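Participant: Here it is, the structure, as structure tokens.
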Amino acid sequence: MMMLDDYIAKSKLSESLTSTVWLAKHKLTGEEAVMKCFDLSKLNRNLRDCLNNELEFLSSVDHPNIIRLLHVSQDDDFLVMVLEYCDGGTLSSYIQRYGRVEEDIAKRFMKQIGAGLEIIHDNHIIHRDLKPENILIDGSGDDLVLKIADFSLARKLHPGKYLETVCGSPFYMAPEVLQFQRYNEKADMWSVGAILFELLHGYPPFRGNNNVQVLRNIKSSTALPFSRLILQQMHPDCIDVCSRLLSINPAATLGIEDFPFLGRIKNSRVWVKDTTFSSRQHGTRERKVATINGRLQFDLSQDAYLPQRLLENLMYIYNTIEMARVTGVPTSYLISRGESIKVLSQLLRKAKQKTWFFQMLRSWNLNKELMKVQLYVGGFISPTYSFTYSSITSNILINISNDIYSHC
């Protein structure tokens, strides 16, 4: 039986080429913990850097949705980390046991994952391996607490910088990672979108036997592969979030700063405002969330972000149109009840004051119906003016998005 200071290893949980994980117990209190023992001789320079990043980050944070580091010990041959023990297993085992979950549970889980990820990204860390297996559950019943764990692939990533190493788990890897392109923290957000989709469906959105097959399935999809039955039961805001997290264009992928679950929760089928959120357990920082009628109000005060916002919301509408075409769900229902059409209205009202917007508007080759939509949501014409969404084509929206992207 392995011993370390105040902890005794009881039973082996797992073993890899570089480490062994034990279930441990504190000798005095009897409190259970997890002991990870690393063989330093088997760690290359890159793995040592990742381990150092993990230790540096975990030793500096104390947040209920991030696994807690209790103790570290090192000699010439081994390094041992003692982490808190979560008796609820992993989110993966939870999904295997219970299958898909209801939206209110998924949103509650997403709020906790988002809270932990906000701290991670605020510390300029990219996790790179977010998946249900690396999210631990503590507690039982209605008091489940989710904790992001396993930072073995995490790296420091300062603003404006990118990574290029391909790593992670294929079902949850962003397409830019799978394509050997450079990536930033938005890759973590794609992983969160895949987890949200799996919570709602019981399986990941894109699967395959290897990275190539997963990427091929992503690129060949004209819409997110929602189950038609489940899609009919989903709140439009939930469809909105899935579409914006799982955008194949990283520039259009929802960022943690706009992650809606940090500012609103679902009660029955109504989004309810949650005006404050304490990002750290001991209240070292507080995130204020402005709301309009209980809904998240996006910050439109910074002109520099205007093209980016337009791009994100137009790409959502594009994804929605494609989804409607495949599933047969009326496009007008998805768009008119979705959050993005309301945000797009705010954005266009602000954009119409900009010279570049008018130049772009004149350059677009729009059909009459689409022009009516643009003028309506932009506040140029009366909302009583009739129009239909059916004539908005994907190609037109792609062209619009490309124009806006050039201003980002």
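A Cβ is built for glycine as well, from the same backbone N, Cα and C atoms used for every other residue.
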Participant: According to Swiss-Prot, Leu13, Ser14, Glu15, Ser16, Leu17, Thr18, Ser19, Thr20, Val21 bind ATP; which one of Lys36, Lys107 is annotated to that same site?
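Facilitator: Same ATP site in Swiss-Prot: Lys36.
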Participant: Residues near the ATP site, Leu13, Ser14, Glu15, Ser16, Leu17, Thr18, Ser19, Thr20, Val21, Lys36 excluded, by Cβ within 8 Å of the Cβ center?
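Facilitator: Going along the sequence, the neighbours appear as Cys37.
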Participant: Between Leu13 (ATP binding site) and Asp129 (active site, proton acceptor), find the distance joining the two CA atoms and give it rounded to the nearest Å.
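Facilitator: Pair distance, Cα basis, whole Å: 20 Å.
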Participant: Could you pull the average pLDDT for the domain 'Protein kinase' (7-272)?
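Facilitator: Average per-residue pLDDT within the domain 'Protein kinase' (7-272): 88.
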Participant: Quick one: Cα separation, Ser19 (ATP binding site) versus Asp129 (active site, proton acceptor), in Å?
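Facilitator: Rounded to a whole number, the Cα-Cα distance is 18 Å.
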Participant: Leu17 (ATP binding site) to Asp129 (active site, proton acceptor): how many Å between their Cα atoms?
Facilitator: 18
Participant: What three-state secondary structure does DSSP assign to Asp129 (active site, proton acceptor)?
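Facilitator: Note: Asp129 (active site, proton acceptor) is coil by DSSP, not helix or strand.
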Participant: When you measure from the Cβ of Glu15 (ATP binding site), which residues in the chain that are at least 6 apart have a Cβ under 8 Å away?
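Facilitator: Listed in sequence order: Val21.
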